[in-house]
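Okay, structure first, notes after.
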């Protein structure tokens, strides 16, 4: 590995680059039927995670009817997101210092236990606990699937498989409410969780049997205590409660408590103090930090994380609030509104796979960032033009444009991280990207909820004077035509349409802001070359 024609710093840099190249060459690359089984198992694991993000949405009315716990509605979703966000970054360190295969299998097992608790929950508290447990497992599944891809497939072929996994994530995210409605209407809401058990079992078996232990740089002479200390316990002690405080403030602010309430202010203050402590210890911690500064300083990592934060946030706003438009304005049932989302699903999946194949063919991923930003921004902007009379052709066409934009860009940041980082840093880089996507979705779905609720209340006061806005909020979108007096219905639908389209302004702004990440991305090729670490 010594370079005879160089010395000093240049020689050291070149030697490090060669070492990185050898890391990629000595990975246990998988081919043939074994690869097909592993990738299928990984896609199913991502299906589990993405489904659980949204499948409960259409089941909540039946759950609250059974448990008589209307006040717990917010916790059914937020308990899952809280533990995902709190544990996602720490999984990056765990995947770095412990065997990838076993960490992934443990994450799926935790998720399965949480799903079983949810399915068998005798009361609302048990359901919330089950959701939190499932969230812990979920925090390590999606990133783990991408890390296994990195260890199993050569870099130049990896984008196509990453695109397939991204497509599966998109399918499940949008199809979740549809499946939740179908299970709730025709079987039981409990099957929203029981369905995870056989799917997870298939994933566990496929990985357990067919995946060999990837060749990681693990120091097997280290004690478990020494490895645990490398997980940055001090940083984690600051990070986890900071994220919980932030998400609780956004969950409760403007709904359970007014924004100027002491509890909300205190949560934001505690978040600011704790996250400042976390940042301080990350800077001091160097390579031992949960988020090593040298990784975050790489242009492609910072730009890719920002891009995924904005595009992911825009996507989740549409996933949550577009079905409400179909229910409130078009009178669709929960199941039918999911079917009406199919144009977005199909375009997202097709473009996600196509963009992965394109990167594999041409080698460069940076140009597709611009395509994603443009299409997503145009699609989101067109969706904000909806009225109560919007035709079928428009709501289908606009969804296709938006879905195509999101599908093109959803997996690009993962590809970028794997292209610019040495293999031993891929786990942390991948988790940083996934964390930004998850956190963005959690934050801006809450922001969207506050924007929507406040505008709907004002809209009902103006468009349907004489009707109590709180009645409209309690009724829900699917029951408007049955529960709202006929003389108020047109005004309420106008108020709903106005509140939803203005909520989508947030998604449009986020999609437009993603251009910052696109412009900052380095032009690196994944084709026909050995991968060297990017300059910090």
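Quick reminder: no glycine exception, Cβ is built from N, Cα and C everywhere.
Among the ranges 6-26, 342-362, the one that Swiss-Prot lists as transmembrane segment is 342-362.
For the transmembrane segment (400-420), the partner stretch with the most Cβ pairs below 8 Å, chosen from 30-50, 102-122, 426-446, is 426-446. Contacts between the transmembrane segment (133-153) and the transmembrane segment (80-100): present, as 3 or more C-beta pairs lie under 8 angstroms, all at sequence separation of six or more. The largest share of C-beta pairs under 8 angstroms with the transmembrane segment (163-183) comes from 30-50, of the ranges 30-50, 102-122, 306-326, 503-523. Only pairs six or more apart in sequence are counted, and the transmembrane segment (80-100) with the transmembrane segment (426-446) gives three or more Cβ pairs under 8 Å, enough to call it a contact. Counting only same-chain residues 6+ beyond the ends of the transmembrane segment (30-50), those with a CB under 8 A from a CB of the stretch are 104, 108, 111, 138, 141-142, 144-145, 148-149, 152-153, 161, 164-165, 168-173, 176, 196, 199-200, 202-203, 205-207, 210-212. DSSP classifies residue 123 (N-linked glycosylation site) as coil under the three-state reduction. The number of other Cβ atoms within 10 Å of the Cβ belonging to residue 123 (N-linked glycosylation site), over all protein chains shown, comes to 12. Counting same-chain residues at least six beyond the ends of the transmembrane segment (503-523), those with a Cβ under 8 angstroms from any Cβ of the stretch are 299-300, 302-308, 310-311, 313-315, 317-318, 321, 364-366, 369-370, 372-373, 376-377, 379-381, 383-384, 405, 409, 413, 416, 420, 440, 444, 447-448, 451-452, 455, 534.
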